[in-house]
Amino acid sequence: SGESGAGKTESTKLLLQHIMNLCKGNSQLEQQILQVNPLLEAFGNAQTVMNDNSSRFGKYIQLRFQKNTVRGAKLSEYLLEKSRVVQQDTGERNFHIFYYMFAGLSPEEKQMYGLLDPSLYRYISGRFGTQDVAQRWKHKYQEVCNALDMVGFQEQEQVDMQAILAGVLSLGNVTFEPEESNGSLKVSQASQGWLKAAAVKVDVLNELVRCVPCSPQSPSVSCCCSLCADARDSIAKVAYGRVFGWIVCKINELLAENVDPEVELRDIGILDIFGFENFAVNRFEQLCINLANEQLQHFFNHHIFQLEQAAYKEEELPWETITFNNNEPILNLLLAKPLGLLSLLDEQSAFPQATDKTFVDKLNSSFKGNLHFQPGRGRVLGFSIIHYAGKVQYTAEGFLEKNRDTLPASVRGLFINSVTPLLSALAMLWLAGLLIFLCPHQHSLMMLMERMYSANPHFVRCIKPNSQKEPGVVDSQVVLLQLRYNGLLETIRIRRDGFSWRPSFEEFAER
């Protein structure tokens, strides 16, 4: 754990390499496990203002052993930031794979997928980078292709996957204009070519995006255009989320253990989850990420402070209790039922007439006087939470829509009838309940924490040396702040005053 950009993903890769080396094997399975990382980073990581290779999802890698040999592995993913597909803030980029494709595909392949100059695509904001950067992306694209081959993806599957991604980019350029005859909306004449390019890849039907009903309260053209744009972006996010979920499922099929079910296997699990975030603009995604970090911090507190000190008291050792910053009140603010923040968000999401403003009004009235909540200031619709790692101001725009995360029936039919076999197959599996692509965030985090509490944990705390993403520079104030809010200074006191290494009697006697 640690802040965004502190080195969690790099540490995870080093730890995996170390474990594989300790196994002293060089099997195909071990190589496949190591090849999973570049694949997941390409589809699940992106540049943010805090980190050039930021994980925009959480992953839990479960390694299964028999007699010190890896027999299988399983990957679980949490909370993919799908909204990044359609929107990035200043200084940020979309998922890496889009840029790798532009840099790595040959002119003939780009023509096959209908890809034009990258500066034309709204979903990547026209930002592409220098020649040196493009050369690095070209190399990364080759790494991804090698990883897909090694993990076992068929050539046609890879073609379909890239066809869907190209279609997503084309879809982002579809715009809308009023229909002269009846005042409804249609796809603009200028973007008919983009719609055709997208339809070839993801079978987006013209009628789907031009017949979005307007709200009776706001029947203006601009409102209807916004609703149509939301429908378009919803299709793009779902398509990308399906592809990502399919990649994870495919990886798990290929890395599954092939041993007698009666044989007992031992597990080592590694959790690499997005770090605490505090940007200039913090949205629903940052709240989910910071909630996950609050839960992990509470888990850390439970094991390091509560259980450790309870053991000394139980054995009646002389011990002066070390206090720590308990973040339980913050978790209650966010998770309590029926009046926690997320419960209120679910309640508002269920009301068709509710808006982001009614949600914020509800928070302001419910949490008046709460030490960890502050109403928004000025004209920005939002609120602030005093997290264990500091105060974060959230912009409430889009909270209800992102929390609903629904897929209209017309869009589901679109995927099922897609001309791209892979997308159609993914939709059918999803409807049949055989493939879980996306979990509502609360359920997803609950499953993760259940897994954590059932394990014997070891904590790796990653500390970011500076805020400028510079190598070899240590900013002592930045480091000290992290040591304080992570509870590491108190942890050091417990380790110094207590008994951090407790061997069994047999171990002690043998030594």
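Keep in mind that glycine also has a Cβ here, set from the backbone N, Cα and C atoms.
Unlike curated records, TrEMBL annotations are generated automatically.
Within the same chain, residues at least 6 positions away in sequence whose Cβ sits under 8 Å from that of K8 (ATP binding site) are S1, G2, S55, D272, I273, G275, C462. The ATP binding site annotation in TrEMBL covers G2, E3, S4, G5, A6, G7, K8, T9.
Confidence in the domain 'Myosin motor' (1-511), given as mean pLDDT, stands at 86. Annotation source TrEMBL lists domain 'Myosin motor' at 1-511.
The region 'Actin-binding' annotation in TrEMBL covers 445-467. With a threshold of 8 Å between CB atoms, the same-chain residues lying at least 6 positions outside the region 'Actin-binding' (445-467) that come near it are 1-3, 5-8, 11, 15, 50, 58, 60, 76, 78-79, 269, 271, 273, 275, 288, 291-292, 295-296, 299-300, 303-304, 439, 473-475, 478-479, 482-483, 486, 488.
Annotation comment: TrEMBL describes 414-439 as transmembrane segment.
The ATP site is defined by G2, E3, S4, G5, A6, G7, K8, T9, and by the 8 Å test on Cβ atoms against their centroid, the other residues of the chain that qualify are N51, G275, C462, K464. In terms of DSSP helix, strand and coil, the region 'Actin-binding' (445-467) has 9 helix, 0 strand, 14 coil. Close to T9 (ATP binding site) in the fold, though at least 6 residues off in sequence, lie E41, N45, N53, S55, D272, each with a CB less than 8 Å from its CB. Counting other CB atoms no more than 10 Å from each candidate's CB, the binding-site residues E3, S4, A6, G7 peak at E3.
Taking the binding-site residues G2, G5 in turn, the residue surrounded by the fewest other Cβ atoms inside 10 Å of its Cβ turns out to be G2.
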